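Below you will find the structure I want to go over with you.
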Amino acid sequence: MSFTKAFSPAIRELRILCSQTGPQSAGTRQFILNRYATIKDLNPDLPVLVREADGTPARIFARFVPHAMPGLQTDTAIHEATNREIDVKKQHFEVDSSGEDDCHVADGVHDGLEFPTEEERLTLRRVSDTIPWPAYLICVVEMAERFSYYGCSVVFTNFIQQSLPDGSRTGAGGAEGQAGALGRGQQTSTGLTTFYQFWAYVTPILGGYLADTYWGRYNTICVAIAVALVGHIILIVSAVPGVIEHSDNALTCFVIGMLVTGLGTGMFKSNVSTLVAEQYKRSKLFVVTNAKGERVIVDPAFTVSRMYLYFYLFINIGSLVGQLTMAYTAKYVGFYLAFTLPTVVFLICPFVMWIGRNNYNRTPPTGSVVATAFRLWTFAAKGRWSANPVRLYKNMRADDFWENAKPSKQQERPRWMSFDDQWVDEVRRGFKACSVFVWYPLFWLCYGQLNNNLTSQAATMTLNGVPNDVLSNLNPISLIIFIPLCDFVFYPFLVRKKIRFTALKRVTAGFFTGAAAMVWAAVVQHYIYETSPCGGHATECDEVSPLNVWIQTGSYVLVGFSEIFASITGLEYAFTKAPKNMRSLVMAMFLLTSAFGAALSEAFLPLLEDPLIVWNYAVVAILAGIGGALFWLSVRHLDAQEDLLNNLPEGHMRAVATGDSEKV
């Protein structure tokens, strides 16, 4: 019998015990300690347990043993040395008597912490931990990148849609004129800007795969920065005097710049969104007494949620400054400068990444993890396929779908199955997270109206000297205001009132808030048609509606709220539910939903002609509302499992040296 077969039952029991409390498990713990002593005698390279003086283990800090260690061939040896004493000089494993009967990993992160009992889990108030300072450095990198991304993209609509003003060589329109360059109209403008959004959120898949499999997150971010920088330079070339006057040449150069910039942006996005949360290393609940003498639970999930709130705050500071300044720059100076300044700010990214290179917590790549995860799914699905779609659905969602694919369940373990049962549980959780993301394209359909259709809507209203693309800044302004309010006022209020506004409930609220924003936009569009000198042909009219452009405010603010609830929570959910060695890829799957939302919006292009534009907003509102309802119905069972999913034991992957399979 192999070492793995002899020892794996004990290691599984030990891991199960790590989630249990109470004196009923002490005897079993003693059995495992004795069993491990035998293994240690036969395998000197293994870490050593340390027992208390009275011989009664109360808590075990365990660094779990690799599955594939040589040396143990029969069960006889187990019984021969069951009561041998354990060497107490080395302390890879520790046992103490803190009064609680549970076990945790000696990892230098959770050592010395007090862990909550089951009663405390249910009764104590939960709070966030302190955010580590390297996370703020990464937030600065993201802020600079978002400045460059939104600073450029905010002027894309006018650059493509509006014509080059008479006598202008830069595209600037001046105080009373409209900035423009290519003169291709609203449909082309919306089509290209929507494609850019689609492209920038498809390419995270490549970035996630490269990071998890080959390069690691830090290195992938550095490569992405270099690629995006090249793209920014190409955008500048498309807008310089001498090129911008030649519409066809400028368009070709511009599209190439969009493609290269979008590639770099996507590779960057899936990894920076993961790297920021990885700076917080704790993963287990623990109890502290605060300054007021109150015992509270520090919840890592709360901490990650708070980190993403401020990560998103930095995103919107960058996007606000970028959009606001570049809109005026394009209007009064020209597009070449509106593309150059974001490029200069973007140079902050490599500088800050280099400064913090020795302080960032980095997860190394793990080789063929992506292929292994999908191979695991294929293995689990074996024998479950059916031509009957109902039966197929039930088979694929059966309770034992993943359980039967665990290594411990196999008589002959395939060579590729170089992971433990806990990693299978993490992969199952990751697949569940990806199923949650299925409804997100309907949310992004709402969000996608901000930087093209609402910008075009503003151009048909009374601006009073304000550039039509400045109004989109109301969205980041609302986020900058309301994110701290949510962190310090709204969310703590809900906690005090013992209202569990869980991640999936927040996402549901985000869908409905986004739907309300589109209802607002539809009503505004209706009154534009009512008041425009050209009636239902407002976008083609030389004169504008007397309606003040600031009545668009409601749409931007409501979309801001929906982002707090749905977008930020989506980042959090992708990070917390992914296996540790697949976080970039699962994050990329979440970001991919934005690409699908952009692709979906392409189907609405026929509604972007007068007098049908009001129906564009109305249909999007209806779809978002229906999507929110269906989202909750499909995920409410996961909402009840939130704590369980957040506190799964960490899984591990290990290489199997030789052979096509090994017995377990």
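Glycine too: its Cβ is placed from the backbone N, Cα and C atoms.
Annotation comment: TrEMBL describes 20-85 as domain 'Ribosomal protein/NADH dehydrogenase'. Residues or ranges marked as transmembrane segment by TrEMBL: 194-211, 218-243, 249-268, 309-329, 335-355, 430-450, 470-495, 507-529, 549-573, 585-608, 614-635.
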Take the C-beta pairs under 8 A between the transmembrane segment (614-635) and each of 218-243, 249-268, 470-495, 507-529, 549-573. Which stretch has the highest count?
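It is 507-529 that shares the most Cβ pairs under 8 Å with the transmembrane segment (614-635).
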Flag the pair the transmembrane segment (430-450) / the transmembrane segment (585-608) as in contact if three or more Cβ pairs fall under 8 Å (sequence separation 6 or more).
yes
Is the transmembrane segment (507-529) close to the transmembrane segment (585-608), in the sense of at least 3 CB pairs under 8 angstroms with a sequence gap of 6 or more?
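Contact between the transmembrane segment (585-608) and the transmembrane segment (507-529): absent.
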Given the transmembrane segment (549-573), which of the listed stretches 249-268, 309-329, 335-355 has the most Cβ pairs that are under 8 Å apart from it?
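It is 309-329, which has the most Cβ pairs under 8 Å.
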Using a Cβ cut-off of under 8 Å, list the residues of the same chain at least 6 residues beyond the transmembrane segment (309-329) that approach it.
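Contacts with the transmembrane segment (309-329): 131, 135-136, 138-140, 142-152, 154-155, 273, 276-277, 337-338, 341-342, 345, 467, 469-470, 472-473, 475-477, 479-480, 483-484, 486-487, 563-564, 567-568, 571.
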